[in-house]
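Below is one structure; the comments refer to it alone.
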Ligand code: SAM
């Protein structure tokens, strides 16, 4: 066990960095798609990096996985068919399967090694992988969505890496057209939409591409996520047919599963954007 030292991710687009004190490097694998590294930290549990970017820590991933899932699923009237694009650490899948009404949750990540590493070093995120409603695939999400049956899905969750490398094609009109076609009329697309503080223009661009694909109502929900650049992250929901974002408050309040961050009040609070974000997103 080496002496604790500091591990940093320098995030060039924002000229900022995030660091964790680590006590050991536990594993590393170079997959056909990306380099995956696992460290043991002194205070944040295990940490996963993909191509040098902080991806998951045991201590704070609940913020992200809960907010990527529960607002969208409680906004939908009765989500049964859910697809997760990316999400290889399986944390989002676990949250989706907490909803008893979900009949099937398909997770399609391009890189099997992410899931294999998560099974070894983040077993708590993989605890629902054996649920009979879960189907775990390893394929390019772009191709998967393009081949989805039209009007077959209630919710699509895009839990991807940043729009570079294999994830670049998950942020454009063509991909969003596939999502639009695969979703039922009352369906919801929700995608991790980066930092409202340092990547606001990316959120604007994502929403514009979603609009070109046919989606016509959008909701960006900010939330804290310490291990990502700026520590302030977001997800963006998109709907078709002018449908709004009122959610099943009574169901959310009466939910039979525990959450550490998500609540009805947090959901409502996230819908109130700071003025500079509201102005930029219109
Ligand atoms: N929470 C992280 C974030 O916001 O950056 C995302 C976590 S998850 C590990 C990101 C996943 O996206 C990775 O496992 C990666 O393999 C997957 N991914 C990237 N491009 C993909 C694609 N084209 N199709 C499917 N999965 C993809």
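In case you wondered, yes, glycine gets a Cβ from its N, Cα and C as well.
Here is what TrEMBL records for this protein:
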- 159: active site, proton acceptor (ACT_SITE)
- 34, 109, 140, 141, 166: S-methyl-5'-thioadenosine binding site (BINDING)
- 65, 89, 159, 160, 161, 162: spermidine binding site (BINDING)
- 4-240: domain 'PABS' (DOMAIN)
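Taking the Cβ of residue 159 (active site, proton acceptor) as reference, residues of its chain lying under 8 Å away and at least six apart in sequence are, in sequence order, 68, 84, 85, 86, 87, 92, 192. The binding-site residues listed here (65, 89, 161, 162) include no residue with a Cα within 10 A of the Cα of residue 141 (S-methyl-5'-thioadenosine binding site). Residue 160 (spermidine binding site) has its Cα within 10 Å of the Cα of these binding-site residues: 109, 166, taken from 109, 140, 166. Here the binding-site residues are 141, 166, and the one ringed by the most other CB atoms within 10 angstroms is 141.
Taking the Cβ of residue 160 (spermidine binding site) as centre and 10 Å as the limit, one finds 22 other Cβ atoms among all the protein chains shown. The Cβ centroid of 34, 109, 140, 141, 166 marks the S-methyl-5'-thioadenosine site; residues of that chain outside this set whose Cβ lies within 8 Å of it are 33, 86, 88, 110, 111, 139, 160, 161, 167, given in sequence order.
The subset of binding-site residues (34, 109, 140, 166) lying with their Cα within 10 Å of the Cα of residue 89 (spermidine binding site) consists of 109, given in sequence order. Residue 89 (spermidine binding site) has a Cβ environment of 26 other Cβ atoms inside 10 Å. Residue 140 (S-methyl-5'-thioadenosine binding site) sits 13 Å from residue 161 (spermidine binding site), counting Cα to Cα. Rounded to a whole number, the distance between the Cα atoms of residue 109 (S-methyl-5'-thioadenosine binding site) and residue 162 (spermidine binding site) is 14 Å.
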